[in-house]
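According to Swiss-Prot, the transit peptide annotation covers 1-66. Annotation source Swiss-Prot lists repeat '1' at 61-166. Annotation comment: Swiss-Prot describes 104-124, 138-158, 205-225, 240-260 as transmembrane segment, evidence class sequence analysis. Summarising the annotation, Swiss-Prot assigns repeat '2' to 167-274.
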Amino acid sequence: MAQTMLLTANAKVDLRSKESLVERLKPKPLSSFFLPSLPLKYPSASASASSHFTSTTVALFKSKAKAPAKKVVPKPKEKVEDGIFGTSGGIGFTKQNELFVGRVAMIGFAASLLGEAITGKGILAQLNLETGIPIYEAEPLLLFFILFNLLGAIGALEDRGKFIDDPAPPTGLDKAVIPPGKGFKSALGLSEGGPLFEFTKANELFVGRLAQLGIAFSIIGEIITGKGALAQLNFETGVPINEIEPLLLFNIVFFFVAAINPGTGKFVTDEEEE
């Protein structure tokens with residue numbers, strides 16, 4: 001009987017040791033490492049408490065979110081335009097084309113004034129005298145010529161490009177003295193190899209527009225009155241032509257020189273600026 005009780009006791013001890021070993025081998029929750037284990041009377045309650053316990057992780061330092069990179073939108077480049085119609089090509093003349101037309105108009109207007117001073121006939125009568133073509137047969141061409149000059153004079157045919165003046169020469173007292181090896185033009189502030197009158201191409205363009213207006217209105221006036229430009233001037237002002245001969249000669253010479261004189265500056269188009 002005593003042996004049986006001893007074996008039973010030993011068996012109980014072994015069972016307890018086995019149970020404690022099984023308990024040790026069971027996976028424990030993470031909270032058991034950070035929180036002290038509390039002795040609970042009922043293991044089922046501790047298991048349920050550990051199953052309901054949740055741990056929240058709070059980050060002390062958060063990585064700063066990067067701001068999205070700004071997209072740089074290239075600014076659209078403005079076109080070099082100066083015309084009334086703004087056609088950007090099409091029927092639009094460049095300023096260089098209009099400059100050529102203005103030079104032709106200056107030569108034509110000066111020649112018509114000189115011819116009227118010699119022959120006493122207007123530009124249309126001179127055309128009839130030189131070619132023998134009656135004016136009424138050339139009316140369509142004449143109307144086109146008048147319209148073309150009027151539109152060109154107000155800048156309606158050109159819209160592309162611009163003239164850029166050359167940089168101004170330096171000024172000062174040191175520039176008032178003629179430097180060694182330089183001529184008299186450099187003392188006046190003029191470029192040695194440049195034109196004498198220092199006309200810019202923009203100035204020449206303006207004078208060409210005036211010549212276009214002069215030709216157009218002299219033709220219109222001659223169609224209406226039958227008189228040339230000088231006779232119209234005499235009719236409007238009452239001043240005899242012989243009294244304004246110096247002014248007339250100056251205008252003729254001025255238009256001729258302005259037409260053949262190369263202006264300073266340069267012509268820039270849209271493609272060259274890009």
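Every residue gets a Cβ built from N, Cα and C, even glycine.
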Intrachain residues whose Cβ lies under 8 Å of the transmembrane segment (104-124), provided they are six or more past its termini: 135, 142, 149, 152, 207-208, 211-212, 214-215, 218-219, 222-223, 226-231, 241, 248, 251-252, 255-256, 258-259
Contact set, same chain, for the transmembrane segment (240-260): CB under 8 Å, 6 or more residues outside the stretch: 103-104, 106-107, 109-110, 113-114, 117, 197, 199, 204, 207-208, 211, 230, 233-234
Within the predicted model, mean pLDDT of the repeat '2' (167-274): 75
Non-local residues, at least 6 beyond the ends, that sit with Cβ under 8 Å of the transmembrane segment (205-225): 95, 98-99, 101-103, 105-106, 108-110, 112, 122-125, 142, 145-146, 149-150, 152-155, 163, 231-232, 235, 255, 258
